[in-house]
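Straight from TrEMBL, the features:
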DOMAIN    38-236  domain 'Neurotransmitter-gated ion-channel ligand-binding'
DOMAIN    437-639  domain 'Neurotransmitter-gated ion-channel ligand-binding'
SIGNAL    1-18  signal peptide
TRANSMEM  237-257  transmembrane segment
TRANSMEM  264-286  transmembrane segment
TRANSMEM  298-320  transmembrane segment
TRANSMEM  402-420  transmembrane segment
TRANSMEM  645-665  transmembrane segment
TRANSMEM  672-692  transmembrane segment
TRANSMEM  704-725  transmembrane segment
TRANSMEM  784-805  transmembrane segment
Amino acid sequence: MSIRPYLGVLLLVGPCLGFSCNRSPNDNSKPEFRLRYKLFCEIEYDPRVRPVENIDHTIRVNMSLDIKYLSIDEYSNQFSISAWVVTAWFDSDLKWNPSDYGIDRISVSSSMIWVPDLSVFNADSSQFFMLDGAMDCVLISSGKVRCAHDLRAPMYCDMQLQRWPFDTQNCNLLVGSWAYNGNFLDVAIMGRGINTYAFTKSNEWEMISSKSIRKAYTYSNVTYPYLQFDFELKRHAALFAASIVGPAFVLAGLVVISFLMNGLTVRCVVCCTAMLGNALFLQYVGFHLPADGDTSPYIVAFYRDSLILTLAAVVISTLVEHMRAAGDGGFGDLCGGEAPQWLVGAASFVRGRGGRAGQLLLGEDDAEKQADEDMEDVLTPRESERRGIPRCSMFATFIDRIAFLVFSIVYTLLLLLHLANAKSANCSVDPNAVADRRLRDTLLCNYDVNVIPLNPPEVNKIRARISLSLKHVTMNEKKGTMTITAWASTNWVDGQLAWKKSEFGGLESVIISSKFIWTPDLTIYNSDMTQVLLNHDPVSCFLVPEAQVFCAFHLNTPIYCQADLRLWPYDVQTCKLEIGSWIYHGEQLLVEKDVASHEQTISDYNFFENKQWAVKEIKVENVNDTFPYVSWTFKIQRHAGLFEAAFVTPAFALAGCTLLSFWVISLTHRLLLCFLSLVCNVAFLISIVGQIHEYGDEKPNIAVVYRDSIVLTLVALLFCVAMPWMENSESPKILVTIADAIRERGGRRSRLLLGVDFEQDDLEQNDSTEYQQSRPKCAVFAPLLDRMVFATLFVLYTLMLLSLLP
């Protein structure tokens, strides 16, 4: 059973678990208050008394562990565990009728009720590590009590470090009662005993298996039951294998190869280097590993033996070199002046029957052998004996070759005995083991994770169905990627992982790590992080008797997506996620969408909406190709609130500022408005370039608007500068004629184009001759040109700004 359904209740009412009997309930009291008063005050409930109707009755306490974290400290021989200890029992004094109060359960503090005095027997503590401390409990109307205790305790564990760093440790947690024997209090396993839904993996240790067993011990002819929770932990040895085990092979190779080298100097350098390396690694390993009784870890024994062998190699190399350098009067005494008869016989036998292998052992070639045979025919027997055939150098080479073979064999045996990290395959199944363990051993016996399970034989392909539960989506336009965070689940049928429930205690499911079974090599085709999803980080897979495998893994990967920013900030991006197999073609593995769940890609309880992007549409389809894959098409739209206020709205404002300058009478004010609009347009364009990365030949519309707005503002600014010159210069007669025609026939609306002051209109008409003579000709046409430029810019600005709207 899991504690999860009860945690919410405990957290909500935990701060208010206390209760006082000083105030009695009345008609206006709340139902829960009346219930608590009845349970703890009216019946005079005593938490010190075992709640049974008959003193001879036994209270049965069910227990389970919800593991959160496991760790091992080999230096102190301690195994630390962090878990929720869930206990449940029946309290005959805490029953009520739910219809009387409208409440079927309440939460109380453990100090208010009787709780079993459970303790951790093997805890590393100066006092007993009790589980009856302050904790929150849930009371159910039937009298059932369920409590959850947060356990954080170190336990003693017998460490076995002989196979370090490929060691596997077996540690346990012992829980039972110190005060009550089995006649008064019994303990039992609740549910599966050990739950791992909240388990956090350790970087150093991997939990291979776990099991829970009820046991009992006898003291003074009285039985005391207890529960034993066993954990099998395996060390992650990748770092140590690369830094400590790998160099062992290198040092062994250096010592063996030294026998094939010529020259004492070279040999001594190589052997001394190997000796120094062995000594340093031996010191390092001995310093970092704790004492392990009278036994030594295999890696320490290897470096110790390798150090001794390296010293022996130096001694042999020195001896061989002196024998090779021996002359007639020099080192000849080593061979007794003349070659011993046994050596002569051995050399003759090797020469005669050893062939080329014999020549290799004696260190001579065909030319040297022929020269020696010719010389024997010429020399007298006495002179031949003086030559010392076979020579001491030949004897030295023979010793050298024999040492090479012996050292090669010895190092091979050392590496196999001391550093072999793989246990021999053992498919024996313990019939007395718990059903879960027997099932695991049976399923994984002779199971090959590298072979696709096309079983039964008539099945020629495996269907791997995949679905997504989306959690978060974000877009990086600069990198051209969209990052998808989701829970992905896949399922397939593996005929080798089927079992009969009746043979394994009715087990309906089992959880196995994905690294122990075959998994499809699902890969994201368009990701910039090439990795096999199920093999990159092993996950827990759910198996059922019908041979169906369900695996779920966390997906957080960027995928390539070419952003289309022309409509920025109202752009909608379309990106695809493609998942399929790299190795298996469609005739072996068919990757397809899970029809039952593909429409539930976004879950309300799981999806966290992005503040910048909104998911508008998700389309899932199967792509039938040589290597079939599933394609998810995501359409996401940018939230334009911020960018609309920061970039779009100012574009309208600056356009209005430029157009407004045409209606300002003062030339200074006109120049000021145009210049302000020009500077702001340039500033916003620079800001947009910094906000939006370089985007090929296509330009965002808003950048085009600001660019064209700069050009139009420059036109307005130049026209403002040209206005004084136009008003003080003579205009062509045709322009004067057009202006007069507009004034005479266009009415008041048309005269607006000429900038006529209507208050002075009558006076100007009465003295038109004087007006025509006193006013410069171009000054009559300048207002007309001013209004025409305004109308042109107004039309252009309108078209430009409309292109920004979504």
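A Cβ is built for glycine as well, from the same backbone N, Cα and C atoms used for every other residue.
Same-chain neighbours of the transmembrane segment (672-692): 477, 565, 568, 643, 647, 650-651, 654, 657-658, 660-661, 664, 700, 702-703, 706-707, 709-710, 713-714, 716-717, 720, counting only residues six or more beyond its ends whose CB sits under 8 Å from a CB of the stretch.
With pairs at least 6 apart in sequence, the transmembrane segment (645-665) and the transmembrane segment (402-420) have fewer than 3 Cβ pairs within the 8 Å limit; the two do not touch. If you count C-beta pairs under 8 angstroms between the transmembrane segment (704-725) and each of 237-257, 264-286, 298-320, 645-665, 784-805, the highest count goes to 784-805. Against the transmembrane segment (237-257), stretch 264-286 shows more Cβ pairs under 8 Å than any other of 264-286, 298-320, 645-665, 784-805. Averaged over the domain 'Neurotransmitter-gated ion-channel ligand-binding' (437-639), the predicted model reaches a pLDDT of 82. Counting only same-chain residues 6+ beyond the ends of the transmembrane segment (298-320), those with a CB under 8 A from a CB of the stretch are 162-165, 244-245, 248, 251-252, 255, 258-259, 264, 267-268, 271-272, 274-275, 278-279, 281-282, 285-286, 289, 396-397, 399-400, 403, 407, 410-411, 414-415, 417-419.
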